Structure formats: structure tokens, C-alpha cells
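Pulled from TrEMBL:
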- 489-522: compositional bias 'Basic and acidic residues' (COMPBIAS)
- 16-464: domain 'Major facilitator superfamily (MFS) profile' (DOMAIN)
- 475-529: region 'Disordered' (REGION)
- 20-42: transmembrane segment (TRANSMEM)
- 54-75: transmembrane segment (TRANSMEM)
- 82-105: transmembrane segment (TRANSMEM)
- 111-132: transmembrane segment (TRANSMEM)
- 139-158: transmembrane segment (TRANSMEM)
- 170-191: transmembrane segment (TRANSMEM)
- 203-223: transmembrane segment (TRANSMEM)
- 269-294: transmembrane segment (TRANSMEM)
- 300-323: transmembrane segment (TRANSMEM)
- 335-353: transmembrane segment (TRANSMEM)
- 402-423: transmembrane segment (TRANSMEM)
- 435-458: transmembrane segment (TRANSMEM)
Amino acid sequence: MSHPAVELSSKKRSLIFINVNISMFSGTMLTTALTTALPPIMKEFHVDVSTAQWLTSGFTLTMSIIIPLTSFLMNHFKTKKLFLTAIFFFLVGLTIALFSVNFPMLLTGRIVQAFGSGLMSSLAQTIILTIYPPAERGYAMGWFGLSLGAAPIIAPTISGVLVDSVGWRMIFVLAMAIMIMCLIYTIIIFDDVLPNRESHFDFISFVLSALAFGGVTLAIGNFGDYEFVSYQVTGTFIVGIITGLIFAIRQLHVTIPFLDIRVFKHTEFALGVITTGIIQLILNGSAVIFPIYFQTVMGYSATMSGIAILPGSLALSVISPYAGKLYDKMGIKPLFLFAGIVSSISNLALFFVNINTDIWVVSTINIARCLAMGVITMPVITWGMKGVPEHKTADGTATQNAFRILSMSIGTALFVSIMSMVSDTVKETNPYPDLFGIKVVFLCMAIISVIILLFGIFANEHNFISLPDDDNSEFGESSTSDSFGGLIKEGKEKRKEKEKKREKEKGNEKGKGKDDDVRDVEIVIGESS
């Protein structure tokens, strides 16, 4: 079921779209902007790196807790007030961070910013999917991907220049200036474009979702600082998994779910979430691995490392709007195939780099990798949402964003851990253990990319069977077809019906043929007589 676009004038739609994109660019930029600013912050507030990194991991952790809540908020509150609230929280967080006099105050500002950013990310995507008709959503989401994907990649470069020239606080001044402009713009031009429906705040479900997404995200964030078998890693991970299972079971049995996970009944949506997760694994893993390769292994400066990575980042940013247009014209299958093939080959090529490989060869290969990711990133989100019923758009968007944030956390921890384990294993026998560890990481990325290729081979919407959205009410009471057994039974029944229909048609054709023969005989007899 498609989501009908809200009736807006072309000018009004464009103004809302521009405002949403600018707001998201500023909000997403702050996700990674402080990575370059950590050294001067550590020096000013006298904290070590494990404490300072909470400015980034705490931001991600808060977003992972807030995003599942956005489904309820979008269903319950008016669009304009909700978007203004998101901007307000972001501005409050920026103000606290700008005038912070100690590290706890700065961290508090970051957490408040994350609340606004988490709300804004789900809200912005839902607004775009709602205000544009199906034929234009791919192109619109492509431009949205420019702000969503480019901002966190470009942010460290921008913040590095600001830190070196005027200080780390100027990062918040720049973001604040953009957000104040967006606040005024929202007050003037925004409309309530999202429909509201009956909802209630399920506190138990919220706590369970916070423990689930927060627990897993926290465990992954702790992976690099603590032993695997520890309460900081294993303990929090187990808590996250168990509460996640309880949360899922509860959502399937309550009348009005806090977050309707039945959106996973739609095959396109499920595959879209998995693909988005793979993309975030590769992109965020690369964001950490490439600087290690260029600086630690190859011995280049941080500036040279950034210059080598920048072409790939720009390629990903530039291709995004065109990818949306290609999706509108060609569908998802060609994009899946291109992304899967190019990502697999380019990551495999990086497995063969050595200590003498020219930096620009690696940079060129990275351009191909980023083009592959940029081609599929936003189209697969649009494709995944197209089968989700209109009244579940908020649930689908919140679920997509929650798993995207989770994948971002996993990508960094997973590939750094693989690199460390491999390099530790071969350090006695290999003269370049870190290089070998990095090569294994790229081999793992190539293998993961094959999954995207496989999705591309089977990515024909006519071949996918999604469980029907046969809710007993607007809010989705469960039915027997929710189970896998129900799906199999329903599939068999449909096949039987089709077979009976074909047999009936064949029978009619045979009967028609016999009638024609009888008429021919009658004509011949009549002529003879």
C-alpha cells in the first residue's frame, strides 16, 4: 500500500523540503563533528580519551533510545509543533555545550542535542515520504540522503578547520546559526503534513526499548575498552538482547503497539533494513579503518589522510540525488546489482594493497566503494517503505532509523576488533601485522557486500511474497497470518486457487474447441442435405 502525498502546492512542498534538509544537515553534522575536536577538549577539561569519547558514543546511545519513541510522538502530536520541539531541544543542547565550563556540562549538552537529532531524523524522513507522490519520492529521498550521508563525512574536516583556527566551541556556534534560521523558517512556512491517530504512551514498552537498543549500543561502545567477558560488554549485551525479545513479544500482543514491528512482514521493508545495516557497517567501519591505514601503517599526516579520503566522500554525496532519480526510472534491481558488484570488487581489491601501494590508488578504489554505497543508500530506504501501509509510516521510519544507528555503532566496534585480533595473531610472524589486519577487514567487507548482490539478483517486487496487512483494526491487531505457518498455509492456498483457475480456463478452452467442432459438423451436414 503506497502512502498518498499530502495536497500541497509545489512551492510549499519545496520550501518544507529545503527546511527539512538544512535542519537535518546541521543535526547530522554534529554526530561526528567532535571526533576532530576531542584532543583540545581533553586538554581543556583534563579528561582522558576513554572519557572524552562519550561525547560521541553518548550522543549515539541517546539517539538509539529516543528514536523508537518517535513513532508514538509522530502519531500523537502535530507535525509543526513536533519539528519545532526537535529544533528547540537541539538549540538548548548547543547552548549548554557552547557555554560549558566542565566536561559533565558539555556531555549534558550533547545528550540534549541527541534528543533533538533523534526526533528530527525520523520526523524528517516521514515528512518527505508523505509530502511527495510515489513517482517523485526516489529523487526527493536522494537529496535527503545528501544531507543525511554527506554531513557526518564532511563534518570532521569542517570541525578540524574550525578547531585549528578559532577553537572547538565555534562548531556549536556554526550549528546554532543554522538551527536558528531553520527555527524561524519552520514557524513561517511549515504545515501539519502528517496524519495523527489514536495512541497512548506505553511506558513499559518504552523502558524495554530503551534497555534493548541502549543495552546493545552501550555494549558495542564498551567493546574496545573492556574485556569481552565483562559486565560492561557481555552483561549489557545480554540485557539488551533479552529485553529486546520481551519488547518484541509485547508489541505483538498489545492492542496499540508502542512500535509496530509487524512492518517486518513486508519483505521489501525487511530487506531494506538489512541492506541499510550492511551499508552503515561498511561506511562507519571504513571511517575508522582508513585513517589507521593511511596514518599508522603508511605514515602519512592527518591532513594527507583526510585529503585521500575526501574524494570518496564527495563521490558518495554527489551521487545520492542522481541515485534517487535512477530509482524512479529504473527501479531498485539495477541499483542493487551495481552496488553489490562494485562494492564486492572494490573491497576485494583493497585486500591486495601492500606497504608500497600508492596512496592515490587506494583513494581511487575508495571512490568506487563510495559510489556503490551512494547509489543504493537512499533508494533502498524508499523502496523498503513503499509497501508499508500509510498508518504505519511512522513505525517503519522509526524502526529503520533505530537499526541504522545500531549498525553505525556495530560497524566501528566490529571492524576495529577484527583488525586488532588479526594483527595480534600474526604479529610474531608478519612484519606488518596492522596492515594484514586491515586487509582482512576489507576482505570481510567484500564478503558482506555479496549479500547486497544476492538481494539484487532476487530483487524483483513481483517475486517477493509479503505477509498481508490484514489488521483487524487501524492499529494492527494480530492475525493468524502473522505466523510463519500462516504464511506457508496462505501461500499453499493461493497456489491451489491459481491452479484451479488455470485448469478451469483450460477446460473452458477445450469445451470451446469441442463446441466449435460440433458447429462445423452441423454446418457440413446441413450443406450436404
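Keep in mind that glycine also has a Cβ here, set from the backbone N, Cα and C atoms.
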The transmembrane segment (300-323) and the transmembrane segment (139-158) contact flag, 3+ Cβ pairs under 8 angstroms: yes
Listed stretch, out of 20-42, 82-105, 203-223, 269-294, 335-353, that has the most CB pairs under 8 angstroms to the transmembrane segment (139-158): 20-42
Model confidence over the domain 'Major facilitator superfamily (MFS) profile' (16-464), averaged pLDDT: 85
